[in-house]
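*Asks:* What follows is a structure written as structure tokens; I'll ask about it next.
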Amino acid sequence: MGLTQDFFPPTSELLEGGNQTSTFEFLLWGLSDQPQQQHIFFLLFLWMYVVTVAGNLLIVLAIGTDTHLHTPMYFFLASLSCADIFSTSTTVPKALVNIQTQSRSISYAGCLAQLYFFLTFGDMDIFLPATMAYDRYVAICHLLHYMMIMSLHRCAFLVTACWTLTSLLAMTRTFLIFRLSLCSKILPGFFCDLGPLMKVSCSDAQVNELVLLFLGGAVILIPFMLILVSYIRIVSAILRAPSAQGRRKAFSTCDSHLVVVALFFGTVIRAYLCPSSSSSNSVKEDTAAAVMYTVVTPLLNPFIYSMRNKDMKAAVVRLLKGRVSFSQGQ
């Protein structure tokens with residue numbers, strides 16, 4: 001059954017932009033329209049959420065308690081793990097509550113709040129890999145000046161700038177969504193995101209929609225291009241390295257980051273920059289893509305970054321054994 005009419009039924013109450021009341025509620029489509037699958041999804045997503053939070057928290061604690069990892073690369077990794085925890089916690093707990101209570105509702109104010117925080121933390125998951133790529137570029141292409149360029153002050157500035165910029169961008173896009181008129185209470189997704197809200201908009205505010213599309217494209221493509229340029233230069237520098245051992249060591253510091261970037265940006269570009277229809281199959285594909293970048297990628301990040309990194313694995317083992325290193329050692 002297509003969703004064009006059944007899934008987006010027009011509501012008798014046109015929701016004019018900026019005039020929505022605090023009593024209005026959206027109905028989320030959820031993870032599946034099959035009731036018999038809800039219990040399976042609840043257990044699966046609960047497991048993934050617990051592992052995601054525990055894994056990323058372990059990364060943060062391991063880096064924070066081991067002075068051997070107090071370097072720019074691990075500072076950015078700890079920041080990314082924090083963003084992953086916050087981003088996942090913005091969407092998954094509400095989805096789990098809705099499954100458990102068999103309720104699909106979310107208040108209008110709650111929807112806007114979820115949208116704002118998801119955009120803020122989600123954009124951090126886009127901006128931080130760009131700073132990490134820049135860090136790897138400096139480490140490999142300008143090794144002699146690395147500590148001078150990537151000073152503690154500059155690292156703190158880059159992360160602070162990312163948080164500030166993502167907050168402002170999220171606030172702008174949330175405000176533009178607030179101004180749109182909505183003609184359906186049913187959102188095609190399991191959380192409040194730009195795509196589902198744009199699909200139920202019936203306003204002709206083309207300027208708002210164009211600004212939203214422009215900002216969304218800029219947030220995704222500019223960091224992606226910076227990452228691409230950084231790694232083109234990194235690969236070029238590595239290939240010019242005189243020794244095979246040096247090339248392998250340089251590649252080993254970048255390959256895990258490339259896996260995360262490819263997985264995350266592939267699904268984000270599919271979700272935000274490739275238009276989709278309101279058909280049943282399209283909604284399911286959009287939901288699957290959303291699961292990938294909101295749940296699966298944050299789940300995999302700790303494993304991808306730690307499995308290929310001996311220092312990270314050693315720090316995690318020391319943390320689990322209670323042997324932390326707060327002082328400069330060895």
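Positions of Cβ are set from backbone N, Cα and C atoms, glycine also.
Below are the features listed in Swiss-Prot for this protein:
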- Cys111-Cys192: disulfide bond (DISULFID)
- Asn19: N-linked glycosylation site (CARBOHYD)
- 1-39: topological domain 'Extracellular' (TOPO_DOM)
- 61-71: topological domain 'Cytoplasmic' (TOPO_DOM)
- 93-111: topological domain 'Extracellular' (TOPO_DOM)
- 133-137: topological domain 'Cytoplasmic' (TOPO_DOM)
- 159-209: topological domain 'Extracellular' (TOPO_DOM)
- 231-257: topological domain 'Cytoplasmic' (TOPO_DOM)
- 279-286: topological domain 'Extracellular' (TOPO_DOM)
- 308-330: topological domain 'Cytoplasmic' (TOPO_DOM)
- 40-60: transmembrane segment (TRANSMEM)
- 72-92: transmembrane segment (TRANSMEM)
- 112-132: transmembrane segment (TRANSMEM)
- 138-158: transmembrane segment (TRANSMEM)
- 210-230: transmembrane segment (TRANSMEM)
- 258-278: transmembrane segment (TRANSMEM)
- 287-307: transmembrane segment (TRANSMEM)
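What's the neighbourhood like for these features in this structure?
*Replies:* When other Cβ atoms within 10 Å of the Cβ of Cys111 (disulfide bond) are tallied across all protein chains shown, the result is 25.
With helix defined as DSSP H, G or I and strand as E or B, the topological domain 'Cytoplasmic' (61-71) counts 8 helix, 1 strand, 2 coil.
Sorting the topological domain 'Extracellular' (93-111) by DSSP state (H, G, I as helix; E, B as strand; all else coil) yields 13 helix, 3 strand, 3 coil.
Note on the topological domain 'Cytoplasmic' (133-137): residues 72-73, 76, 150, 158, 226-227, 230-231, 233-234, 253-254, 257, 261 of its chain, located 6 or more positions outside it, place their CB under 8 angstroms from a CB of the stretch.
Mean predicted confidence for the topological domain 'Extracellular' (279-286): the pLDDT average there is 68.
Sequence-distant neighbours of the transmembrane segment (40-60) (same chain, 6+ residues past either end, Cβ-Cβ under 8 Å): 31-32, 77-78, 81-82, 84-85, 88-89, 92-93, 95-96, 99-100, 295-296, 298-299, 301-303, 305-306, 312, 316, 319.
Tertiary neighbourhood of the transmembrane segment (72-92): same-chain residues 45, 48-49, 52-53, 56-57, 59-60, 63-64, 114, 117-118, 121-122, 124-125, 128-129, 131-132, 135-136, 139, 150, 155, 158-159, 162, 190-191, 253, 294-295, 297-298, 301-302, 305, 312, selected by CB-CB distance under 8 Å and a gap of 6+ residues from either end.
Taking Cβ pairs closer than 8 Å, the transmembrane segment (210-230) reaches residues 123, 126-127, 129-130, 133-134, 136-137, 169, 172-173, 176-177, 194, 198, 261, 265, 268-269, 272-273 in its own chain, all 6 or more past its ends.
Taking Cβ pairs closer than 8 Å, the transmembrane segment (258-278) reaches residues 2-4, 7-8, 125-126, 129, 133, 188, 194-195, 199, 216-217, 220-221, 224, 227, 231, 285-286, 289-290, 292-293, 296-297, 300-301, 304-305 in its own chain, all 6 or more past its ends.
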